[in-house]
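Engineer: Taken from TrEMBL, the feature domain 'G-protein coupled receptors family 3 profile' covers 597-861. Summarising the annotation, TrEMBL assigns signal peptide to 1-27. Feature annotation from TrEMBL assigns transmembrane segment to 596-620, 635-655, 667-691, 712-732, 752-780, 792-812, 824-847.
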Amino acid sequence: MGDIHETLFLFVTLVTLFLSAFTSIKAPSCKLWRTFNLNEMHKPGDVLLGGFQVHYSSVFPEWAFNEPQQPTCSGFDILGFRHVMMAFAIEEINKNSDLLPNVTLGYRLYDNCGTLIVGFSGALSLASGQEEEFPLQDDCAGSPPVLGIVGDSPSTFTIASASVLGLYQLPMVSYFATCSCLTNRQRFPSFFRTIPSDAFQVQAMIQILKHFRWTWVGLLVSDDDYGLHVGRSFQSDLVQSGEGCLAYLEVLPWDGDPVEIRRIVNVIKKSTARVLMVFAHKFHVISLMNEVVRQNVTGLQWLASEAWTGAAEIQTPQFMPYLRGTLGIAIRRGEITGLRDFLLQIRPEQISNITRNNMVQQFWEYSFQCKFGGSNSSEACRGDEDIERVDPEFLDVSNLRPEYNIYKAVYALAYALDDLLRCEPGRGPFSEHSCADIHRLKPWQLVHYLQHVNFSTTFGDQVSFDQNGDVLPIYDIVNWLWFPDGRVKVQNVGEVKRTLLRGDEVTLHGDKIFWSFEYNKPPQSVCSQSCPPRTRVSRRKGQPVCCFDCLTCSEGKFSNKTNSMECTSCPEDFWSSSQRDHCVPKKTEFLSYHDPLGICLTVASLLGTVISAVVLGIFIHHRSTPVVRANNSELSFLLLVSIKLCFLCSLLFIGRPRLWTCQLRHAAFGISFVLCVSCILVKTMVVLAVFSASKPGGVAILKWFGAVQQRMTATILTFIQVAICILWILLASPFPRKNTQYSNEKIVYECAIGSTVGFSLLLSYIGFLAILSCLIAFYSRNLPDSFNEAKLIAFSMLIFSAVWVVFVPAYISSPGKYADAVEVFAILASSFGLLVTLFGPKCYIILLRPERNTKKAIMGR
């Protein structure tokens, strides 16, 4: 197709030449520079409206500025001729006493022959008039030849005409031009349309794709303003919506180049996209389908734009095996009462007040295959042929779509003119509240009223224009059915519209849709299958966003939505399930009273406590016997109490850690063991002092080891540990914490020691007293008494020290609850060791060998 800008430049030049006659005020009359010989229908009236009809094809010779030749229309589009219903709408308005009373509307309809230059010439003729010459009135002032134009149909034709007519503010209402580029008030200040723009059609298509979850689609557009603007708009809107991707975008050649068409069909054939949208004119689609049939490309779901969704020329037995089930956006269907009767009345000699009726004659000759003025009587048109014999589709008024838009366009101009005529002087919308004069009407004045038109059709549709001249958009969604007998039915399956209150609305009746696929279900058209929950989308480098891989969420993360872009981390106390589609509470671990290990340690602790209490009871009961009284019975009682406390403090390590248990467990453990070891140390020192007193000059030593001194020594040594524990708790207190370092899947509840220094001092002090006791006891092991307690103390301290030496590395290397178990085991082992080694032999003598429980037996040698 030629450069549109060069074409427009040519046309603007022509306009300048054509309108130059009106700029001269020297001549007594205005004269047209030249006229066009165009097919037309004309009916006079007080006010004239202009319009266009459509032929299917044309023959277009070379044009030159010197001797321009007229294009010759060929063929005849009988459905295009049905657009003559503009005349019907005007006749209906003239019969309506409530609309434009006392004003008769006329019309001048031109045939654009499906050619840009012819349509543009017609627009110029409508703007300037066809009179050869007329006298000047007030410097050529007055109303224009037509007050408004209905048309043109193709977007490219409309852009050319509206660009020039907009310079003179002549209102133009299109019924078929959908290019979104026309929504530009600066470039097209007087343009309106009763068909939605492509911007809305693109949004409607995106809504359909979203409804059926089609995310991988192909797009074909025509090589003109209509198609190219749609392609750009669709690419940007689809990306912004995030609802899908284009597998390919191809431009159908205007001239139907077979090589290019073949290449495009190869692209379609190789693509994995099963949904194909086509924004093109019907002759583009016919060229495309011929190649589709030749290559036998099946398995596609076609989405048709409004430009060809109702084209009967495509619904043929040749194409329907491939196009059955097509979904399309269709111009809103309307019902117009009386149109069929009007069409039946069309006759060459009965069109009243029509001065030129070329198109009616051509329609008659085409329909009845005859000629007016033919020499052969068998070929001559009589004019009274039965019009019901013409193409049945011509008389079928049940599916009016473009015609309905023409109907609304004519009525929009009529209502605007009616509002203009009803203006009350002094209350008008123009300067100084003036009204427009129908005899000296300026085109921009009618544009003002057209901008504010608001009425409803008999079919119930509201018609009003926004600030850009666009009507409230509404489209029908249709589906192509192909019956075994060859019949084709285009049925409504929904609608998409925009309302002032609720915005865009899409209604689809899925049960009515016929699908040309297995099980009569919609196809799937995706580049990659949706990522299920538990996975995330991983985009493929260098490919559209709809092409991706699905990666399983890592541990600790989950995804519970389809096509999640990221996996979500679980909260701190939760972990991802094995399916990675939700979070579950983490397993908790601590040394529990319900745990078998915890039960065993609890039983051992209570057993030790009971045994200690029994031994204490035995000693209290036999406190007067020599075995008990030997080496200060009070210290023995205190030692048994401290061992009992050691057994009980181990219970603080069992159960879920709390702040008070964490603070108390190590303090109780440290103080209990220091009290225990202090008593042992004092007893050892007493034994050593008694041994030293038996030597010459050693009696004086005993005064330092009386009962009071023994108690004070044990108290002071224990108080030092109490002071260490208090400082530890005050400065860096132990606290409960959730530890996940051992395992991400579980929470280990443990007590953090708070201060390593405090814990080290506590253990070191116990170790120091234990080693000191062991050394003194070892030094006193060879005392001459038959019952030498120093040997028992030395042996118990060796066991005690061995237990705690093994404890330290075991405690450090044990994870979670096992660290607490190791510490409890160490406490119990050392406590049982002390209890058995220190008090086992004495209980044996008291209970089983009472004959040895005498002073003589104890003193021995």
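Note that Cβ sites are derived from N, Cα and C of the backbone, with glycine treated the same way.
Whatever TrEMBL says is automated annotation, not expert-curated.
Any idea what these are sitting next to in the structure?
Structural biologist: Using a Cβ-Cβ cut-off under 8 Å and counting only residues 6 or more beyond its ends in the same chain, the transmembrane segment (712-732) has close neighbours at 635, 638, 663, 666-667, 670-671, 674-675, 678-679, 681-682, 685, 754-755, 757-759, 761-762, 765-766, 769.
Sequence-distant neighbours of the transmembrane segment (752-780) (same chain, 6+ residues past either end, Cβ-Cβ under 8 Å): 662, 666, 670, 673-674, 677-678, 680-681, 684-685, 687-688, 691, 717, 720-721, 724-725, 727-728, 731-737, 788, 790-791, 793-794, 797-798, 800-801, 804, 808.
Residues 677, 680, 683-684, 687, 763, 766-767, 770-771, 773-774, 777-778, 780-781, 819, 822-823, 826, 829-830, 833-834, 837-838, 841 of the same chain lie 6+ residues outside the transmembrane segment (792-812) yet bring a C-beta within less than 8 angstroms of a C-beta in it.
Proximity of distant same-chain residues to the transmembrane segment (824-847), defined by a Cβ-Cβ separation under 8 Å and at least 6 residues beyond the stretch ends, is recorded for 591, 601, 604-605, 608, 611-612, 615, 618-619, 622, 625, 627-628, 636, 639-640, 643, 646-647, 649-650, 653-654, 669, 673, 676, 680, 787, 789, 792-793, 795-796, 799-800, 803-804, 806-807, 810-811, 853.
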Engineer: What same-chain residues lie close to the transmembrane segment (635-655): Cβ under 8 Å, and 6 or more beyond its ends?
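Structural biologist: Same-chain residues near the transmembrane segment (635-655) but 6 or more away: 590-593, 598, 601-602, 605-606, 608-609, 612-613, 615-616, 619-620, 628, 661, 664-665, 668-669, 672-673, 675-676, 679-680, 682-683, 686, 710, 714, 820, 823-824, 827-828, 830-831, 834-835, 838-839.
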Engineer: At a C-beta cut-off of under 8 Å, are there same-chain residues at least 6 beyond the transmembrane segment (596-620) that contact it? List them, or none.
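Structural biologist: Residues 628, 633, 636-637, 640-641, 643-644, 646-648, 650-651, 654-655, 817, 821, 824-825, 828, 831-832, 835, 839, 842-843, 846-847 contact the transmembrane segment (596-620) from elsewhere in the chain.
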